[in-house]
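Below you'll find the structure, written out as structure tokens, and then a few comments.
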């Protein structure tokens, strides 16, 4: 959890925002997935947002659903994902690692056991995509018991009451949604969300990172100009994996070429 705080302090001193890529663990296979994550970090990723393959991903558009299918095809299990997380943490001791998941995966293990395992392998945050704030008590309580930041999604139409709850219960960062709907780079992020950012700050929420539809450096810059602490990009990155599925080296080069200008756009 503290890794996020340290990161945001460091970035503020350097007048930078955070660039956070999302990928599905085990896509397209364990070995290449670990290389992908190393490449993202080497190219400038400030934190990681990682998915555990799940059979019914509600918030995911087709690009990320396909990533899940590729990981399943490679036989990747949640247990192997935790082994991968331990390896990533060992190799990259300071980078914040967040999981983006669904409640069933948490329930499968037992809520407390799931967060205990997150703590053990060095996961900093967990966003449970299909659990709304008002139903989050058992998740966030278990998270805090195990020093894992509970992350909440702030939708573009959030009312004052929801903003207060997100500010009160969330830790690490706040996932600021560019727009409603499913993830996907083909739906570009909409208007700057200045009013939400202002309110979240007023209520002392964890720093907002804008996600959904972030696929170009100008959008990263716009998110930061609107007051966000950074931007999360998922589908655009997963698409690169898909496009180079049979060319592992080209894939890594293309990922590097995508991340570098996205990170550069966070520097004022």
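Yeah, the Cβs are placed from backbone N, Cα and C, and that goes for glycine too.
Some features that Swiss-Prot has for this protein:
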- 49: active site, proton acceptor (ACT_SITE)
- 60: active site, proton acceptor (ACT_SITE)
In terms of DSSP three-state secondary structure, what is the assignment for residue 49 (active site, proton acceptor)?
strand
Nonlocal neighbours by CB distance (under 8 Å) for residue 49 (active site, proton acceptor), same chain, sequence gap 6 or more:
20, 21, 22, 98, 99, 100, 127, 211, 232, 234
